[in-house]
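The region 'Disordered' annotation in Swiss-Prot covers 1-52, 551-686. Feature annotation from Swiss-Prot assigns compositional bias 'Low complexity' to 9-27, 650-661. Summarising the annotation, Swiss-Prot assigns compositional bias 'Polar residues' to 28-40, 662-679. The feature active site, charge relay system is assigned by Swiss-Prot to LYS159, SER235, with a curator's inference given as support. Per Swiss-Prot, active site, acyl-ester intermediate is recorded for SER259, and the stated evidence type is a curator's inference. Marked as compositional bias 'Basic and acidic residues' by Swiss-Prot: 556-637. As annotated by Swiss-Prot, transmembrane segment applies to 700-720.
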Amino acid sequence: MLAQESILETTVQTETESVTTETSQTVANLESETTSQTVMQEKESSSAIAESSSRNVVAVTTETTNEIQNSGTDGKAVSAESVFSEADYKQATALELATLVREKKVTSEELVKIALAITKRENPTLNAVITLREEAALTEAKALQDTGQPFLGVPLLLKGLGQSLKGESNTNGFGFLRDQVAGGTSTFVKALQNAGFIIIGQTNYPELGWKNISDSKLYGVSVNPWNPNHYSGGSSGGAGASVAAAFVPIASGSDAGGSIRIPASWTGTVGLKPSRGVIIGNSNSAKGQTVHFGLSRTVADTNALFETLLTKKDLPAGHLSQAQPIAYTTESPAGTPVSAEAKEAVAEAVAFLKDQGYTLVEVKHPVDGERLMKNYYTVAAGSAGIADFMARQKLKRPLERNDVELLTWALFQTGKNITSEETTAAWTDIALQAQAMDEFYQQYPILLTPTTAATAPSIDNPLLKPEHAAQMEKIDQLSPAEQKQLIYDQWLTAFTYTPFTQQANLFGHPALSVPTYVSKEGLPLGIQFNSALNEDRTLLQLGALFENNHKINQPHVEEPDKDKEPDASGEPEKDKDPNASGEPDKDKEPDASGEPDKDKEPDASGEPDKDKEPDASGKPDKDKETKTSEGPIEGKDQNQNPDKAGKTTSGSSLDNSLNSSANQGTKSTESTHAFSNKSMIGKQEQLPKKVLPKAGAEVPSTFWIVLGGAFLVTSGTIYIRKTRK
């Protein structure tokens, strides 16, 4: 969620020097190593997890009751000769699909066609996918050979940020890079291909992955499959929505502060943030903060993906004795409010674990979250100069306000005044907190918390107060101390929803989000298991314990009506709405603690600065939504959108409380993203134009790490940024 890093620990830019390196050869060498990557299954650690995937492989039906759209842009149905239905596909895990392909009961090409058809039909509502590569994916599926790949022929969606695939869009969320494509394929992506996945497209994310929601100005808002009135999370929001909606069984993501686990919690999917340095192709972010991995619908698939991408051969098998106490807390590490629903989710998990014979001990949260996050934001702001670097390379001039969203601009201006000494001090303090956490794990091997403090917030809530947006527009007029305080203050509203995820990244520890809870409004909520470095398998065993005992609780998404043309709105018929009043559940105990610390947050008037450009919330102008196709959900009044259960939801009490102070006046007109949802899917000529480097041209390259992951602009000359003295 909220931080960007560079390959250097300090990244305030004053000048550059170019260092020529054989980048392409290095990447090639790394990629060649992935071909020998095999699935490592430790017997002791995998027995419980294997049990969760031991059910019979989905039976191949001879019925074709689900009409599958052709992958071609004409939208015709797949031939009736196909015996594998869309329903079969949506119910199957990635491992089951690979087994079917291996046993020749279905072809990878058929699976890809189904995945493309679902995506093109349902994406106009969710805006989870930003590009499709139909022709390439079908060609790769047809040519696929079985060499023992664990995910043979399984369709996969790739996160659009930080995971380069040669020839595909590589914008980092910047409008001025809308035509840029990757000049090479990253090691992580190559490893996914070597594992047998067929990449069918790329998923939505916020600009540079800064946020815990995906509300990109360029691509629009990625919304939640369980209720499109709510966010899908960030920064891997498109990935979470794609998996929850069964576009694909697994989508790749990246996590530098919760960017896998936050969407997992809010979309009812499984999200693992692996330990520092154990996954192939991990970024070179400072202290290994960013990791690349994926989201899935089952712990079994997550475990198989982990073992496939694992590079550390001596990782412990993982074992949690019932004699070892498990710690739990529902306290926010920063003292911010936590919803009653999140507390209930943890309480249910505690009761289940006690029934299984484990000892549970309630503790105070061992981390000083306010102190940790101030260090976190120092590191983030110190690396925002990457936006200026890219603007200079592409536009041949310094970065200007209109080039980027408001948050990127504010971080860039703040970063100019952050010295290398400040960044070093921040990391030193983080290391001290990590040491204290390591000592905690000596007594309690597991810490159980909510993954997020509440269910997904409403898309009417930009998670930015209007007075903060106004101050950010003039941030260059503030002192360095005032700038840093503003960065902390403006992020506090968003951080209040997700205070539990950042420590795992900064400390290098693994963390697993498992979807065990569904609110009365039908929105998912995850619980999070945290442990010490390299104890990933222990976490996966705990997740498997919940899965094997049917404690994975995911909302049900109704199948579309096959007898009529799909409605891109995703709304049920209004006359069937049992409760369109929008009133909150009267029986639900309100949580009035959703307000941030009033001593730290200026009073939110709710009125925008009329003279200021709206913030970079990524939300479309409501007055234009029904007139254009530029909003996240076309032709829809987003204040009147019932959920899929047929009722208007009020969201969590925490959501209501924060909405009351933050959702007025900060609607952004910046969210006129470049591609309408309808034109984006199924009409390749309207996707970003692919501009490849000329043969023999030396293309500048940089390897910067953001909250959402690492991005490699292209291979060529690497520019190393000097830090301010």
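Glycine too: its Cβ is placed from the backbone N, Cα and C atoms.
If you measure from the Cα atom of SER259 (active site, acyl-ester intermediate) to that of SER235 (active site, charge relay system), you get 5 Å. Neighbour count (other Cβ atoms within 10 Å of the Cβ, all protein chains): 30 for LYS159 (active site, charge relay system). Cα of LYS159 (active site, charge relay system) to Cα of SER235 (active site, charge relay system): a span of 9 Å. All protein chains included, SER235 (active site, charge relay system) registers 40 other Cβ atoms within 10 Å of its own Cβ. DSSP assigns LYS159 (active site, charge relay system) to a strand in the three-state reduction.
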